[in-house]
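J.: This structure is in C-alpha cells; I'll ask about it shortly.
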C-alpha cells in the first residue's frame, strides 16, 4: 500500500513538473521561435481551457467539492483577482518574446520579495528581521543576473518584473478579499470562477490590441496545421498545471511543496538552456544561484517565525 501511495505521489510530482516546465517552454517556442506574436490571445486560449476543464473536473469527476458563490460582493472580489491574474500571465508571456526562460525564472524567483512588500503596505503585516534579511540575496541575485544576462532586453525585463509583482499582489489580495471562512475557496474552485471572467477581460483586450488575431491564426493554420495542435496542447497543459498543483498540495506536506517548487525553477532553467541554447554567462548563473539560495532561506525563516 505504501509503495502504491509513493508511486502515486511520484506520478503527481512528475506530472506537475512536466506540465509546469512544458507550458513554459512551449509558450517560449510559440511566442519567440515559432513567431506567433499574440500573447493575449495565447493566454485567452489558456483561460478557455481552464474554464472548460475546471467545470468538468469539479462537476463531473468530483476532483474537488463544489463551493458556491455566496454573494455578488464575493463575485466582484473574484473578478478583481481575475483581472490581476490576467495581467500577470499576459505580462509573463510577453516577457518570453524578448527574454530567455532562464532569465525569466531568475526574475520570477523574487516573488517572495514583492509578496513581503505588498503584505507590509496593504495589511501592515510585519515579518521578523531575519525574514527580511533573507530577501537581500533574493534581490541581489537578480541584480547580478541582470548585469550578466547576454540576452537582456529592457522591455522584456519590465514585463517580467511586472508579471512577478502582479503574481505577488494577487496572492496578498486573495488573502485580504477572501479572508472570511465563508468566502474562502480552494484553488480548483477559485480557478473555475476566475477563468470565465478572465476570458471576458482577455477577449476584449485581444480584439482591441491584437486586431484580427483569429483571422491571422486561421490563416496560419492553413499554411501549417501544427499551430492548432500547438495551441490546443499548450492550453491543455495550462490547465494541467493548475490541476497537478492542487493535487500535489493535497497529497504532500507544505515543506515538500516548498522544496519541490524551489527545485522546479532550477530544472526549468537547465532544460530551457539545453533546448533553446541561449547564451548564459557565469555571472548570470551565479546571480540566479544566489537568488535561489535566498528563496530557500526565506522559506526556512518563514517556517520558523510561525
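Including glycine, each Cβ sits where the backbone N, Cα and C put it.
Just lifted these from TrEMBL, have a look:
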- 12-299: domain 'Sugar phosphate transporter' (DOMAIN)
- 7-26: transmembrane segment (TRANSMEM)
- 38-61: transmembrane segment (TRANSMEM)
- 73-91: transmembrane segment (TRANSMEM)
- 103-122: transmembrane segment (TRANSMEM)
- 129-146: transmembrane segment (TRANSMEM)
- 152-169: transmembrane segment (TRANSMEM)
- 190-208: transmembrane segment (TRANSMEM)
- 228-248: transmembrane segment (TRANSMEM)
- 255-276: transmembrane segment (TRANSMEM)
- 282-299: transmembrane segment (TRANSMEM)
J.: Considering only Cβ pairs within less than 8 angstroms, which of the stretches 7-26, 73-91, 129-146, 190-208, 255-276 has the most against the transmembrane segment (103-122)?
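T.: Ranking 7-26, 73-91, 129-146, 190-208, 255-276 by Cβ pairs under 8 Å to the transmembrane segment (103-122) puts 129-146 first.
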J.: Report the listed stretch (7-26, 73-91, 152-169, 228-248, 282-299) having the maximum count of Cβ pairs within less than 8 Å of the transmembrane segment (38-61).
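T.: If we count Cβ pairs closer than 8 Å to the transmembrane segment (38-61), 228-248 scores highest.
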J.: Sort out the residues at least 6 away from either end of the transmembrane segment (190-208), same chain, that have Cβ-Cβ distances under 8 Å to it, and list them.
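T.: For the transmembrane segment (190-208), the far contacts come to 38, 40-41, 43-44, 47-48, 50-51, 54-55, 58, 69, 75, 78-79, 81-83, 85-86, 90, 174, 178, 242.
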J.: Is it the case that the transmembrane segment (129-146) and the transmembrane segment (282-299) have 3 or more CB pairs under 8 Å, with pairs at least 6 apart in sequence?
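T.: The answer is yes, given that the two segments have at least 3 Cβ pairs within the 8 Å cut-off.
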J.: Counting a contact as 3 or more Cβ pairs under 8 Å, with residues at least 6 apart in sequence, do the transmembrane segment (228-248) and the transmembrane segment (7-26) touch?
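T.: They do touch: at least three Cβ pairs between the two stretches lie under 8 Å.
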J.: Apart from its near flanks, which chain residues at least 6 from the ends of the transmembrane segment (255-276) lie with a Cβ under 8 angstroms of it?
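T.: Contacts with the transmembrane segment (255-276): 13, 16-17, 20-21, 24-25, 28, 33, 100-102, 105-106, 108-109, 248-249, 288, 292, 295-296, 299, 303.
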J.: Taking contact to mean three or more C-beta pairs under 8 angstroms, with sequence separation of 6 or more, is the transmembrane segment (152-169) in contact with the transmembrane segment (73-91)?
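T.: Per Cβ check, the transmembrane segment (152-169) touches the transmembrane segment (73-91).
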J.: How does the model score the domain 'Sugar phosphate transporter' (12-299) in terms of mean pLDDT?
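T.: The predicted confidence over the domain 'Sugar phosphate transporter' (12-299), as a mean pLDDT, is 92.
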J.: Which sequence-distant residues neighbour the transmembrane segment (282-299)? Criterion: at least 6 residues beyond either end, Cβ under 8 Å.
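T.: Residues packing against the transmembrane segment (282-299) from afar: 102-103, 105-106, 109-110, 112, 131, 134-150, 258, 262, 265-266, 269.
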